[in-house]
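S.K.: For reference, Swiss-Prot lists these features for the protein:
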- Asp267: active site (ACT_SITE)
- 188-198: compositional bias 'Gly residues' (COMPBIAS)
- Asn66: N-linked glycosylation site (CARBOHYD)
- Asn69: N-linked glycosylation site (CARBOHYD)
- Asn186: N-linked glycosylation site (CARBOHYD)
- Asn239: N-linked glycosylation site (CARBOHYD)
- Asn301: N-linked glycosylation site (CARBOHYD)
- Asn345: N-linked glycosylation site (CARBOHYD)
- Asn443: N-linked glycosylation site (CARBOHYD)
- Asn512: N-linked glycosylation site (CARBOHYD)
- Asn534: N-linked glycosylation site (CARBOHYD)
- Asn573: N-linked glycosylation site (CARBOHYD)
- Asn588: N-linked glycosylation site (CARBOHYD)
- Asn745: N-linked glycosylation site (CARBOHYD)
- 186-206: region 'Disordered' (REGION)
- 1-20: signal peptide (SIGNAL)
Amino acid sequence: MKVLSFIVAAALLGLTGASSNSSPGLLKSDGVVLGDWESAYQKASSFVAGLTTDQKLALITGSSVNSTNGSFSGLTFLDGDMGLQNFFYVSAFSLSSALAMTWDRDAIYAQAKAVGSEFYNKGIQVVAGPTSQPLGRTPWGGRIVEGFGPDPYLNGLASGLTAKGYIDAGVIPGAKHFLLYEQETNRTGGGGGGGGDSGSAPYSSNADDKTLHETYLWPFYDAVKHGLGAVMCAMTKVNGTLSCQNSDLLMKHLKTELGFPGLVWPDTNGQSSALESAVNGEDYGSSSIWSTSTMETLLSNGSLSEARLDDMAVRNLMGYYYVNLDNGLQPEEQSEDAYVDVRGNHSKLIRENGAKSMALLKNKNALPLRKPRVMSVFGAHAGPVLGGPNTAMDIEGSGPTYQGHLATGTGSAQASLPYLVPPYVALTNRIIEDGTMMRWVLNDTYSSSSTSGLITEGTDSTAVDPSFADYATNSDACLVFLNALSGEGADRTELYNDDQDTMVNTVADNCNNTIVIINTVGPRLMDQWIEHDNVTAVLYGSLLGQESGNSIVDILYGDVNPSGRLIHTIAKNESDYNVKICYTAQCNFTEGVYLDYRYFDAHNVTPRYPFGHGLSYTTFSYSDLNIEKPSTLSKYPTGEKAVGGNSDLWDIVGNVSVKVANTGSLDGAEVPQLYLGFPTAAQQPVRQLRGFERVEIASGKQSQVTFQLRRRDISYWDVPAQQWLVASGDYKVYVGASSRDLKLNGTFTVQTSS
């Protein structure tokens with residue numbers, strides 16, 4: 001996404017309020033209560049009421065406005081969740097998928113606030129994030145690394161916390177990509193995944209109303225509830241209509257049902273018609289399609305109403321006033337190479353969150369490392385890329401792995417690394433302290449040469465034909481580093497890699513303590529070597545940002561006890577996943593709500609590692625399940641229409657609590673997870689995540705964990721009624737350490753009244 005300039009208010013004079021609108025999707029229509037957005041609405045509508053038509057058109061097309069009401073200067077959008085893109089003296093944070101793997105509300109919020117503060121201090125007003133979609137419908141999706149994972153509940157909480165963090169830093173959150181944007185292939189038509197216009201139509205994501213609400217709209221409810229000020233409509237189609245001119249999506253669902261008060265702006269090439277976009281819900285544009293002269297014509301011939309123009313103008317200013325950018329305190333916008341260092345102490349946060357996100361999937365007492373005498377390191381992912389740290393990474397045409405340490409995304413998800421600590425550097429710093437001898441092959445395929453050699457035990461010469469086997473032999477620990485690359489512009493072509501898997505097996509054949517470390521953009525299969533007797537541990541994570549190597553080494557040596565959890569299921573075979581990349585113009589979401597673990601559970605497919613899985617260096621036990629069931633509830637919500645949907649959806653209607661004890665010898669953090677099974681009549685998945693808490697517990701101590709159930713957590717979408725319905729009947733309660741490791745279970749019964 002490019003930097004876009006549009007209008008912001010630099011001054012406000014006392015003006016009368018604008019009258020309320022009466023058409024669905026217009027602010028103040030259908031009785032949507034704005035709550036704490038009311039002050040922003042009064043300021044924005046008063047300002048717009050004093051503008052001429054030409055000035056309103058200037059406002060929604062990105063031109064400056066000078067009037068008796070005050071002056072407007074450019075407000076900018078910029079990627080993204082991982083930090084400011086293409087700027088000097090900024091931080092490169094973990095990607096959203098890594099942050100979600102912490103399962104830590106505080107960590108998610110803290111990073112968002114830190115990212116937001118860097119945007120604010122560089123003079124940028126809008127973060128193009130949170131990236132609520134791609135959700136992760138298919139593990140082959142090229143951009144799923146940018147989001148919070150395929151579970152709507154986890155994704156929603158993370159989206160909401162991210163929006164709140166940006167707001168508290170003083171900038172406007174702009175969620176993307178709305179809606180059902182789940183792959184790169186054919187996103188611009190003609191089979192391409194690039195950002196340019198291919199000259200033919202993009203694919204259409206076709207989903208039924210139940211799937212739309214229970215899976216893909218769900219995270220946006222959370223983001224809107226927590227103060228979302230902008231939404232980027234996707235460049236693709238939904239149910240046959242382009243997202244940026246889709247009235248059902250923008251006017252009905254987003255602006256009316258969810259009560260979204262902010263502006264909608266298009267992704268690159270998301271606009272194809274000014275009229276269709278304007279009347280159906282888009283509020284801002286800067287392309288030649290959305291020009292002042294075009295909009296004037298639409299007004300003059302009656303195609304575009306004055307009421308809708310006013311609504312667009314007001315919405316362009318809602319987020320600006322909501323986060324108090326009108327107070328004049330934000331620093332002026334800086335050039336990309338300006339020496340304005342906004343990083344503060346964020347490197348510490350990045351390192352901590354990176355370590356929190358790493359999931360220990362397997363451990364045969366190999367970790368933590370205990371001052372190994374000889375350690376060998378393998379894989380390109382362990383060391384730096386030859387030129388760096390920043391390279392212009394255009395994923396289209398790139399290979400499935402990265403020849404260097406992969407710590408940030410590509411395209412819109414590529415952070416500006418001020419430096420990068422690869423594992424090789426972090427390990428070197430550690431072994432100097434410990435007196436360890438380290439050997440390395442920083443490549444995934446190794447061709448020997450007569451000019452390279454290895455000092456071997458029992459000889460005073462060097463081997464003339466060294467190999468992975470030579471380096472692995474006589475090592476106390478062998479660390480094998482793997483990565484998987486994808487990103488904007490192209491989908492994944494594989495979920496495992498032959499070269500890397502051969503490397504693992506070769507090392508393991510010659511080293512009885514082979515530890516595999518993976519940083520990946522999505523599910524990475526490992527059945528090619530996971531059952532090898534000498535593969536003793538697997539550490540698994542996403543892309544961790546500038547402190548990546550330090551975060552990994554903190555876990556390897558036990559300075560941090562691992563607590564990360566999977567946000568996707570790792571299958572045994574590619575064929576175990578039910579959704580592949582769609583190569584046709586019509587992409588039918590026939591799987592419905594059955595993504596990831598929901599599909600595996602429904603079809604009794606045994607995963608290699610389940611959703612929510614992650615080990616620790618200590619052990620935990622669960623006991624004392626207690627359920628405070630909901631009282632009698634109305635079948636449908638009866639609250640007011642509000643920002644974030646019907647106000648009743650957010651009511652706390654019940655609680656589930658358990659005791660978790662640390663039964664091991666080390667302090668550590670556990671992530672107990674709550675899953676619900678709905679009454680049979682609701683026709684829902686076997687289990688759905690409906691609560692989690694990351695709790696730090698000292699050795700020998702215990703903690704009581706309480707999960708609050710909101711009304712929406714026990715509701716499903718009633719298509720005929722077009723409302724969220726609470727089913728009468730028995731709900732099954734499961735609490736455990738993953739979607740398959742369920743320690744405790746119970747039931748509660750809900751009675752509903754009409």
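The backbone N, Cα and C atoms fix where each Cβ goes, and this holds for glycine too.
I'm curious about the neighbourhood of these features; can you describe it?
M.R.: The Cβ of Asp267 (active site) has 22 other Cβ atoms within 10 Å, all protein chains considered. According to DSSP, Asp267 (active site) sits in a coil region rather than a helix or strand.
DSSP assigns Asn69 (N-linked glycosylation site) to coil in the three-state reduction, placing it in neither a helix nor a strand.
Just so you know, the Cβ of Asn186 (N-linked glycosylation site) picks up 24 other Cβ atoms within 10 Å once every protein chain is counted.
Sequence-distant contacts of Asn239 (N-linked glycosylation site), defined as residues of its own chain at least six apart whose C-beta falls under 8 angstroms from its C-beta, comprise Ser204, Ser205, Asn206, Ala207, Asn246, Asp248.
Annotation for Asn301 (N-linked glycosylation site): no same-chain Cβ neighbours under 8 Å separated by at least 6 residues are found. Under the three-state DSSP scheme, Asn301 (N-linked glycosylation site) falls in the coil class.
Asn345 (N-linked glycosylation site) falls within neither a helix nor a strand when secondary structure is assigned with DSSP, and so counts as coil. Within 10 Å of the C-beta of Asn345 (N-linked glycosylation site) there are 9 other C-beta atoms, taking all protein chains into account.
Take the CB of Asn443 (N-linked glycosylation site) and look out to 10 A: across all protein chains shown you find 17 other CB atoms.
Under the three-state DSSP scheme, Asn512 (N-linked glycosylation site) falls in the coil class.
Sequence-distant neighbours of Asn534 (N-linked glycosylation site) (same chain, 6+ residues apart, CB-CB distance under 8 A): Ala508, Asp509, Cys511, Asn512, Asn513, Thr514.
Using a 10 Å Cβ-Cβ cutoff, Asn573 (N-linked glycosylation site) registers 12 neighbours. In this structure, Asn573 (N-linked glycosylation site) belongs to neither helix nor strand by DSSP; it is coil.
According to DSSP, Asn588 (N-linked glycosylation site) is assigned to a strand segment.
Sequence-distant contacts of Asn745 (N-linked glycosylation site), defined by Cβ-Cβ distance under 8 angstroms and a gap of at least six in the same chain, are Leu625, Lys732, Val733, Tyr734, Val735.
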S.K.: Output the one of Asn66, Asn69, Asn588 that, of all these glycosylation sites, has the highest number of other Cβ atoms within 10 Å of its Cβ.
M.R.: Asn69
S.K.: I'd like to confirm something. Which of the glycosylation sites, Asn66, Asn69, Asn186, Asn345, Asn443, has a Cα closest to the Cα of Asn588 (N-linked glycosylation site)?
M.R.: Asn186
S.K.: So, in DSSP terms, is Asn745 (N-linked glycosylation site) helix, strand, or coil?
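M.R.: Asn745 (N-linked glycosylation site) sits in a strand per DSSP.
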S.K.: Please report the Cα separation of Asn573 (N-linked glycosylation site) and Asn443 (N-linked glycosylation site) in Å, rounded to an integer.
M.R.: 26
S.K.: Could you check what DSSP calls Asn534 (N-linked glycosylation site) once collapsed to helix, strand or coil?
M.R.: coil
S.K.: Could you tell me which three-state DSSP class Asn443 (N-linked glycosylation site) falls into?
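M.R.: Note: Asn443 (N-linked glycosylation site) is coil by DSSP, not helix or strand.
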